[in-house]
Every structure is written in structure tokens, then in C-alpha cells.
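To keep things clear, I will list the structure first and then write my remarks on it.
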Amino acid sequence: MTILTHTLGFPRVGLRRELKKAQESYWAGNSTREALLAVGRELRARHWEQQKQAGIDLLPVGDFAWYDHVLTTSLLLGNVPARHQNNDGSVDIDTLFRIGRGRAPTGEPAAAAEMTKWFNTNYHYIVPEFSKGQQFRLTWTQLLEEVDEALALGHKIKPVLLGPVTYLWLGKVKGEPFDRLTLLKDILPVYQHVLAELAKRGIEWVQIDEPALVLELPQAWLDAFKPAYDALAGQVKLLLTTYFEGVTPNLDTIIALPVQGLHVDLIHGKDDVAELHQRLPVDWLLSAGLINGRNVWRADLTEKYAQINALVGKRALWVASSCSLLHSPIDLSVETRLDTEVKSWFAFALQKCGELALLRDALNSGETAALEEWSAPIQARRHSRRVHNAAVEKRLAAITAQDSQRENPYEVRAEAQRARFKLPAWPTTTIGSFPQTTEIRGLRLDFKKGNLDANNYRTGIAEHIKQAIIEQERLGLDVLVHGEAERNDMVEYFGEHLDGFVFTQNGWVQSYGSRCVKPPVVIGDISRPAPITVEWAKYAQSLTDKPVKGMLTGPVTILCWSFPREDVTRETIAKQIALALRDEVADLEAAGIGIIQIDEPALREGLPLRRSDWDAYLEWGVEAFRINAAVAKDETQIHTHMCYCEFNDIMDSIAALDADVITIETSRSDMELLESFEAFDYPNEIGPGVYDIHSPNVPSVEWIEALLKKAAQRIPAQRLWVNPDCGLKTRGWPETRAALANMVKAAHNLRQAK
């Protein structure tokens, strides 16, 4: 039984973000659909060949997506919301883009579908919409076309499909309430059709992803797997694929299914390999997810070998990435600026493919010398002076309960803040960033490349900040921001100014659609050598009599949106960041900044996938935020911002943050998120987002007023703020001005209606 390698998926965007550039060029009308499709073909061919050359035996096909793989599955099934449909009922790539972003080069603009986090990652998917009596049919043959592409290139492949139960689990009911699980019988014929088409093409194995099987699912959902897979059995071999957690709690359900193999995540799960071997049917293949698909660290392959070697010869075995490599950058070899020692600790997607090949060869031969050689740098890291900072460890150990308490409760603070700021009813603000124009990006790039000296760079940034203040005053906003012209990314910027982080040149990963992020890497203990945001916040405040918010990214979000260390707990990392940013809050306050926003959009996404593990995470996550914020005086107003969240199940923790104002993303969900705050009787102030910044569509005054009136039915108007859903970094100035003008007008109308 020869052991094979495979990956669950590969990054789509390209080493130089070629897909992003092609998408945005097409959306802007600067290139043709044919040019976009050609870029996709070139990337797929390149990525298959790269994986093959790195030692992958079975290449994934179907992991490529033009926007998101869940959205691709929706189109595959003909699940297109009525507002996004073509007049003739056809489905094309512009249909896909209208669902994802609200508009495309053809067709009528319409509200984009909701977007939320993919399990507990920093990737976002487009939420499928379901309605009672809905019909499904095969309307989008992208998977079959890509299978034909790969076969024509002579590759040995493994098509990838998102499984039917997980697909339904990830969606939402729109319109008349009903149980969306009842649609399972209606989507299965489409899956049967697709599997039949794959069988016709000679496909032996299909990877069918059911990550919902790692969750604590209701019994009705667990019971749905058996009839679903009974219907799908028999056409090809099915590799039931799970990731992000272990499967042991749901193993009884899994082993009853008529599949031929199981993939398990042995990085993030607690599954015992010996127990899995004992309980799985003897003829099943086990795919062992031994290489972390969600991080950038080189694996200690000697440990991986020891973990799985006992099964060699006892059952069919593949070695794989824990999850899709979508969550990892592509290629470490192009990183030329990393310190040699630090670089030796890392492995990106292609290097992870190489790790799988090394592991396969050792397991097949019993020869481990190559594993020992590969693992030596990561073993040596444990003793590196770059990793440990005694002063940070001492400060962390000295934290007391008082460090996470504000001076007085919210009611007392609110009085002091009202007296200080004298804001009108329905106060208007934005979330932080303004459009990152070509000029701003060029300025930063020239400075980074050394083509611009520090003085000229600072002069340029100051001018953009000044213009942002002028724009906001002209629009009539009440609480201003400096616009974040100096920041490339809300996490990267702070990581660049904190010790304990390193950065890559090309370590891009997809966040959603064409949006890519370049997460910093936490390599050691974290501290703040100097103030980070104070200078620009102070400058912006000097330009206006209106309050300007200081803007910080919170500790949990910096943790979640970075590649973390693997040698300490996430709690330790979060609290180290909190202590560093606590000093930043104190410095902003001393500089005269009276409103400080600490963004925590990732608080919920960091939740463990199993609810039974939530309490411990929320306890330290909330404590980290409070350590960060609690140094502020009563008259300093602390804001926080959260997005893509379902709040109802963590309202206790949201309230425990004790932020004076929370701004949240609500427009895509039509303010339904406020139900959680109403039911909880949330005591502090709230800014429900009144328009979707992920879409270029400009909301009308009437639309915004209607949303605010709906909000006021749930939250007392005197505690409501008026703001967009999120930062405006990815928008252009024309639609930003138009949308904010309408937002301010709506707030003025409501004030006059009092």
C-alpha cells in the first residue's frame, strides 16, 4: 500500500496577485471577459504544475474560484437570488459577481449577498440564500470544465466539491421561515449529476468537503448525512473531507456513511490516530492532515513521522495538508528580505507540498535522514534569542484584575463624555479608513522602495490626512477620522511597529473576492518600542475643532489576522499585544485624543468551532480587550468595531468588553443583528452600519433613514450612532462622498423629525 500525497486546495490569487488585478481590471471596464478567463486558465495550469513538481501525487481541481468557492457551489446548483438573475435565466460570470459584490459589467446592480467568515478563518464566503419551494439545477459547469482542462494537461487529479449538508448549513433562509434542511432532497440530484459526469471522465476519487462534521451539530443535521450519502454513493470513490477541528465526537455518524475514505485535520483536531484506525472501516483510506494549511511554519517532520508511522502497511494511507492551502502564502523562495535564520523557520504552500513529499518518501522507505535535516531549523528555533523577551514575560505575569477595569461604570463615563463632546442626536462618523487612492499607494510604495525620503513621505501623508479632514468637515460628519493614509493594512501596520513580528514581501492570502491581505508573522514575544499612531492622530486633531478618533486594531484581531506562534498559547499572544497597545491608549489620551477606537472585528471569528470550548476563549479575549482599554480616563470615549458577526450567542461577552460605543456591520442583514442587542438590553451606545461598503452601490437617503428607523425600534435613539458598515479603504472617492452625504442627510432628517 504505497502512500500518496495530496492537497485539499491551493492558493488561487497567484504569486503576484494576478487574479486580483485581472478581476479589478474587468470590473472597472478596462479589460474583457476573455482576458479575465485567460488569467484564470493560466493560473490553474501554473498551480497544478507547481504542485506536481513539488511532489503532489493527486492534484486538487475545483478549488479555484472567481470570487469564493461557496458562491461557486451556489451557481453550480442554480441557486441565484432573483435580484441577481439574468433576464433570460442564464448564469454567467457576471451573475456570480453581482451576487458577490452587488454589481458587474453587465446586468442591473442589486444588493450583494451577505458575506461572513469561513468557519474560524480570515477567509470570507458568500452566504447562500434559500427560499421555500426553491428549485435547483446544474447551471454552472466550471468544475467540469476545469477537470477537462487538467486532464488535457495529463494530470492525475482529485476533483473537489463542497458537500451538500455543509452547503445547506452555511446558508440562510430568506423570506418565509422554513427548515432549510428540507432542501437536501432537492439539491442531491444535482450532486448526483455532477458525480456521474466525473465518473464519465474516468475520475477515481472525489474530495467531498463536509467541514460541518467537526461542529456540534443538531441531531437532525447529523441524521441527514446517511440518506444524503446513500444517494451519492456508487459512482466514484468519495473522500469525505473535514478540517479545522477533530471528528471524534461525530465519528459514529461518519463511519456509517457509504464513502471510501476520510480526511482528518491532525493539526487543529484532537483526534487520536490509533483510535481513528481502530474505529474506521478496515477498507477505508485515511487521509492524514499532518501539514498545517493555515500557518507559515516549517513542520517538524520527525514528529509527523512518529505520529503516523504506526499505521503504515495497516491501512490505505495518504498524507495531506490539514486544510486547503488557500490560507497560506504561495512560495517562500521569492522572499529575499527575510533574515536567513527566520526564513529557515517558515514554509509556504509550495514548501508545504515539498514537506508532504518528504514525509511520503520517508513513510514509504523507512529512511528518515531527510526528515531530520529538514526539521533541524525549527527545532533550533526553540532556543533562539529572537523568540524570548524576559521583560515582556515579567510584565505579563504581573497583570492584576485592576488592569482590566475602567475607573467607573458606563453610566458615569457617559455623563463625562457627553459634557466633553456635546454631540448632537444621531451622531455621524465613519469606521476609520478612507479610500486608498493610487496616489496614496504610490506614496507608500515609493517610500518603501527608497525612492522617496522620509521628509517628503511625511509631507505627502500629511496632505492626504488634511484632505480627509476637509472632506469630512465639508460633508458635515460629527466625529472625524484621519483616514489611515499611512496604513497599508490594519494589522500589518501595527505589526510593523511592534517587536516580535516579521513581514513578508509576497505573503498574500485571499480574504474575499479580490481582497488579499499580507498577514504579519508572530515570531516571538511582543512589545512596543515607541508610540505608533500618536503623531498622525495629533496632527489630524490640530486641523479641526471636531473630535478626531484615534484608531487602533485590537489585540484579538491582530492575533487572528496574523500567523501566530505555535510554541505559546493564543491567550499569551493576545495579552502581550494588549499590554503593548495599552501604552498606546495612554499616549493618545495624553496627546489630547478624546475618542479612541479599538477595532475587534475578529473577536467572534476566533471562537473555537465547538461551543463547549467557547467560554475559555471569550474569557481571555475579553480580558485582552479590557487590558488594552482600561487605562483610559472616564472622559475618554472608547469605541470598538465588529463586522461579519452573529452576536446573539456571545452578547454577554460583547457587553463585558465595556466599550462606550460599539459599531457593527448590519446593513446586509437588514438590521436583524440588532435583535441580539435588544433582547440582551445592551446598555451602551451602538452604531449599526447603515450601508454596505463592500459594494460600490450608493444608498439613498430614504434607504438609510428606513434602516435607522428600524434600528430605533430596537435601540433607544439617544444611544444610536450613524456610520457605514466598515472602513472605506476599498472604495473610490466619488461613491464615498455620495454615500456619506446621504448618510449625513438622513441623520439630519431624523434630528429634525424629533
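Placed from the backbone N, Cα and C atoms, the Cβ positions cover glycine too.
From a predicted model like this one, the values you see are computed outputs, not experimental measurements.
The record from Swiss-Prot ties I431, G432, S433, D599 to L-homocysteine, and of the options E373, E484, E486, E492 it ties E484 to that site too. Here Swiss-Prot has R17, E18, L19, K20, K117, R515, C516, E605 binding 5-methyltetrahydropteroyltri-L-glutamate, and the candidate from W48, W169, W205, W561 in that same listed site is W561. Cross-referencing E619, E665, E672, E702 with the Zn(2+) binding residues that Swiss-Prot gives (H641, C643, C726) picks out E665. For R17 (5-methyltetrahydropteroyltri-L-glutamate binding site), the nearest of the recorded positions by C-alpha distance turns out to be H694; the candidates were S433, E484, H694. Listed binding-site residues near H694 (active site, proton donor): C726 (candidates G432, D599, C643, C726; Cα-Cα distance within 10 Å).
When the binding-site residues L19, K117, C516, E605, C643 are screened for a Cα within 10 A of the Cα of I431 (L-homocysteine binding site), none qualifies. Comparing C-alpha positions, E484 (L-homocysteine binding site) sits nearest to C726 among the binding-site residues K117, H641, C643, C726. In sequence order, I431, P601, H641, C643, E665, G689, I693, H694 make up the list of same-chain residues 6 or more apart from C726 (Zn(2+) binding site) whose Cβ falls under 8 Å from its Cβ. Annotation note: L19 (5-methyltetrahydropteroyltri-L-glutamate binding site) sits in a helical segment as assigned by DSSP. Cβ proximity to the L-methionine site centre (mean Cβ of I431, G432, S433, E484, D599, cutoff 8 Å) flags the following additional same-chain residues: T430, V481, M490, M551, Q597, H641, C726, G727, K729.
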